[in-house]
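Here is what TrEMBL records for this protein:
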SIGNAL    1-23  signal peptide
DOMAIN    25-108  domain 'Cytochrome c'
BINDING   C40, H44, M86  heme c binding site
Amino acid sequence: MKKALSFLLATAGLATASFTAQAQDNIPDDMKALMTKYTCIACHRVDTKLVGPAYKDVAKRNYTNDQIVELIYNPKPSNWPGYIAMAPMKQVPKEDALKLATWINTLDGKPAKAGAKKGATKGKKA
């Protein structure tokens, strides 16, 4: 009985690890490199709450790319109650922060529109 239970737990663990690896494989290599370099992946995942919100949940907030960049540099814990406050990531160059923000906004599940989410004047207040 113990062997069967151990086998089931091990199988479940491998299946979970495989699913997580596949989900992370859906991240473009350039984004994965940036998220690793700036330690984003320590707290965020594409579609799973970890320490911080999932990137898909951020995308659903309809922030502009510029607003996400601002939140990378100056996080507002009041925007995400129930999560541990993110440390300001001022070491991330603006060019890289903008690349990450642009990619995050592709995860909202909506078809891309020309000029969508580019400016800082539309979208949810940061």
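Cβ coordinates are placed from backbone N, Cα and C, and glycine is handled just like the others.
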Average model confidence [pLDDT] within the domain 'Cytochrome c' (25-108): 95
Counts of helix, strand and coil residues, the domain 'Cytochrome c' (25-108), according to DSSP: 45 helix, 0 strand, 39 coil
M86 (heme c binding site) CB neighbourhood, other CB atoms within 10 A: 20
Annotated heme c contacts C40, H44, M86, maximal Cα-Cα distance (Å, integer): 10
